[in-house]
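As written in TrEMBL, here are the features:
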- 41-287: domain 'G-protein coupled receptors family 1 profile' (DOMAIN)
- 25-47: transmembrane segment (TRANSMEM)
- 59-78: transmembrane segment (TRANSMEM)
- 98-120: transmembrane segment (TRANSMEM)
- 140-158: transmembrane segment (TRANSMEM)
- 204-223: transmembrane segment (TRANSMEM)
- 244-261: transmembrane segment (TRANSMEM)
Amino acid sequence: MAQDNSSRVTEFILLGLSDTRELQLLFFTLFLLAYAMVLLGNLLIIVTVRTDPKLSSPMYFLLCNLSFIDICYTSVTTPRVLMALLSGHKAIAFEGCMAQLFFLHFVGSSEMFLLTVMAFDRYTAICRPLHYTAIMARGACWALVAACWAGGFVHSAVQTVLTLQLPFCGPNAIPSYFCDVLPVVRLACADTTLTEWLMASNSGLISLGCFLVLVASYALILAKLRAHLCRGCWKALSTCTSHVMAVTLLFTPCIFTYLRPAGTLPVNKYVCVIYTTVSPMMNPLIYTLRSSEVKESMWRLWKR
């Protein structure tokens with residue numbers, strides 16, 4: 001289909017989760033509460049880790065970075081959703097849509113890489129305790145975190161470039177509450193089969209690959225702990241359990257969403273809520289409730 005400058009799409013319409021006003025008010029309340037919990041919970045973790053010298057181990061350094069990523073991740077979509085639910089204004093400029101798409105994948109993939117690094121940290125601490133200090137030195141931790149952000153940037157840049165090279169000259173209604181590659185690509189007025197497969201290979205395989213690495217690392221940890229039923233091992237097992245809960249909450253819906261071309265199944269916008277809002281909201285609860293050190297530090301901070 002031929003296109004010219006006059007037919008180029010300049011904005012998209014985000015259809016949201018519902019057209020019913022009562023449900024929109026309900027979703028507004030739920031998203032607002034979830035966003036407040038994400039901000040307060042993760043900011044509390046960051047302040048606690050940064051102010052307590054006892055939480056200087058690599059695990060808490062990585063946890064602090066995870067909290068920062070969760071704040072950034074949910075801030076990419078939630079404020080825009082709240083504004084649309086409150087005002088009823090569903091239009092988003094083409095440039096704004098591409099920016100949201102870029103930062104969503106940038107921060108989201110960085111979080112996946114960081115969770116993989118956190119699993120490596122736990123594997124090293126439990127399976128190679130004598131070498132832990134040397135392997136997970138502060139310089140190495142900074143390098144690993146920087147590599148997570150760099151990997152996220154490269155991944156997101158590829159997704160954004162693949163989307164920008166498509167012509168958009170027809171429909172502009174996105175059946176979701178934010179801009180993502182799958183619903184946006186389906187609006188292109190061109191054959192997107194190759195692009196869809198490239199995107200599925202990029203996002204889907206990254207999600208699946210990180211998940212398999214995480215499962216393998218925790219399987220090795222469990223094999224190591226099986227023969228050592230001591231108090232310290234139960235504590236390590238509890239920590240790993242919290243990590244597995246966070247990993248499952250994030251990776252399962254991502255694999256379901258991205259490990260397929262855009263046209264094979266409709267995008268379930270309610271599944272997207274899990275990894276864009278629920279997972280960042282649950283991470284502070286999962287990690288703090290499973291870590292007595294963090295809870296004790298928070299209590300000392302509260303008393304001060």
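Quick reminder: no glycine exception, Cβ is built from N, Cα and C everywhere.
Bear in mind that the values here come from a model prediction, so they are computed numbers and not experimental data.
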Looking only at the domain 'G-protein coupled receptors family 1 profile' (41-287), what is the model's average confidence as pLDDT? 85
Within the same chain, the residues 6 or more beyond the ends of the transmembrane segment (204-223) and with Cβ under 8 Å of it are 109, 112-113, 115-116, 119-120, 122-123, 126-127, 155, 236-237, 240, 243-244, 247, 251, 254-255, 258-260
